[in-house]
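Read through the structure below, which is laid out as structure tokens, and then see the notes.
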Amino acid sequence: MEASGKLICRQRQVLFSFLLLGLSLAGAAEPRSYSVVEETEGSSFVTNLAKDLGLEQREFSRRGVRVVSRGNKLHLQLNQETADLLLNEKLDREDLCGHTEPCVLRFQVLLESPFEFFQAELQVIDINDHSPVFLDKQMLVKVSESSPPGTTFPLKNAEDLDVGQNNIENYIISPNSYFRVLTRKRSDGRKYPELVLDKALDREEEAELRLTLTALDGGSPPRSGTAQVYIEVLDVNDNAPEFEQPFYRVQISEDSPVGFLVVKVSATDVDTGVNGEISYSLFQASEEIGKTFKINPLTGEIELKKQLDFEKLQSYEVNIEARDAGTFSGKCTVLIQVIDVNDHAPEVTMSAFTSPIPENAPETVVALFSVSDLDSGENGKISCSIQEDLPFLLKSAENFYTLLTERPLDRESRAEYNITITVTDLGTPMLITQLNMTVLIADVNDNAPAFTQTSYTLFVRENNSPALHIRSVSATDRDSGTNAQVTYSLLPPQDPHLPLTSLVSINADNGHLFALRSLDYEALQGFQFRVGASDHGSPALSSEALVRVVVLDANDNSPFVLYPLQNGSAPCTELVPRAAEPGYLVTKVVAVDGDSGQNAWLSYQLLKATELGLFGVWAHNGEVRTARLLSERDAAKHRLVVLVKDNGEPPRSATATLHVLLVDGFSQPYLPLPEAAPTQAQADLLTVYLVVALASVSSLFLFSVLLFVAVRLCRRSRAASVGRCLVPEGPLPGHLVDMSGTRTLSQSYQYEVCLAGGSGTNEFKFLKPIIPNFPPQCPGKEIQGNSTFPNNFGFNIQ
């Protein structure tokens, strides 16, 4: 983090310096000049930049001094430890500058923190390492014997790659009686020899001469080169060819093709015959001119031999000689000026590039580069740009550009940028250079983990195995690297009584949730808790989600018959009058199931009966009713076995055994009472017995029911304090009745004993239930506030 901060600080200093670069350049001093002799070995000392810049060595190292030169060739190297500026390689002045004098290599010195910019130049001093060389080692000069003394004959000059005093200084010729040599200077500064006739020739005495021409340079010691001059003495030819004009000036575009006609020169000779025939040739042509141009010896047409390059040479001075068949010749000069065309694309030199860059740091310097164009004029003017839809901008100072961020970036929206730097010149047609770079964005922890859901509902079937993987929660972080590594944890529950750490656990790495122990629906129907997700950033960011766990009931409880009691005591006998109509309610089997949902949906069916077809059981409520009219032939005692079955998978069941006694003279509740019969002592005694028996049975039944209800309520109260109750949604099937563990008797019945006074006939009257069914309570927040479930059993006996 500390290194990153220093980098950002340094980049901002560079940016600030570039903003002031224009002002600093306006007041900049003259370029600093240094010199070095050519052919000096590489790594040779040039200067100490720290002393030149007035900097201490520590300050020099801190400011990150760099040496930048135009183009991609760097002839100098900087020792950062000693601040010595050294030669990068051995320099050859002739290769670098040719005949240009002085030979100056320009470079720039860049300083950071704050940014400063100095122009400097290195002058390469020539040494005399080249001797004069004649391109033609043998020259033929034809001299008419009629030539008077003082006649001059130009000779082909020698070439010396050195410059200044190391170039050709003068020419000398071997001793003879007729000629001497003069050293002449052309307009471009080059020197050439001219042969001067001192004494008239006589062909009859001497037909030819062989002389040695020597070219000397001004070096110390001087170097020399020689050529042989053959002088042929001719008979009289008294007229030399003359050009139409002594000087030609032409312009030619540098992109002219090979074979292009540059110009046509023309000369005439007043002589006739062979002496009037003229041939043209290049005179005193340098090696470069000889490679570039050719002349038709018959027509005088000058054509291109190779492509021109304005950036290398802007003009050529070509001497043309017109020679007749005799000894005379004429000369003219053709100045060929090369016109620049836009044939060089701009060049981009990258000095510094930074990637990745932090996403939250505006005005960060990304790249520092320079641009150049070898063309001239409008062809060398340059414009630089990048794509408009990018959050970056360019700032320029002379030919240097800085690429920096325009505003804070968002790595989560875009993790990298492909930037194309387009450099265009103003020539026609315009030439374009493009530099592509990819800038990566470094992540900053600015995004908290986000769960895929704000809440999760998990369904776990009771009696699960411990350490069961029940589900996974997942959170993602838009950051990257350690900033996107998510750790999961359980947050403290809002309910302090909830033993969360003993119920579930979470894998911190992948968010897998595990049930630590087996759950019991009858003890805990559901619970909720919060999970947290935090990243590894600095500072760390986090988020949370709600997890609801719903315990699904399993069919692990069989139906329990509340009535009639099945405790092995004396069986309860139901009395049914023989006069009962079909559908007469004999009794009702009441049962409950500790499970819930469809596991608590109960159905009833008659499993066994003493006489089939006499009684029936309603499947949805357990009511036992007569199926037909009773007759005297029907047995008085009947034993019924009722099967109570839940709707679980697999289903569980229980049975209830009923004893039914058919009696005479016992009426239904709404049947008209029979007329009073004569009092009989025996009938009265029987009535008393029946009343006592019925009262005893009813009292015992009521006491058993109350005791059972009290025990169930006590157990339910303890269970309700641990968890919540869940009630299944949807209607019950038509053949089932919901008897979940939170229910007891759904109805209460009244039993009324009616005695027919004086008749001696005893009848029981069964009344309809007077307590309505209560809908099941759906525990939620109300049950959490009250730990006692509304399970009550009520009976009224008259």
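From the backbone N, Cα and C atoms, a Cβ is placed for every residue, glycine too.
Scan Swiss-Prot for N-linked glycosylation site across N418, N786 and the hit is N418. Sequence-distant neighbours of N567 (N-linked glycosylation site) (same chain, 6+ residues apart, CB-CB distance under 8 A): S704. N418 (N-linked glycosylation site) is surrounded by 10 other CB atoms, counting those within 10 A of its CB over all protein chains shown. A Cα-Cα distance of 7 Å separates N418 (N-linked glycosylation site) from N436 (N-linked glycosylation site).
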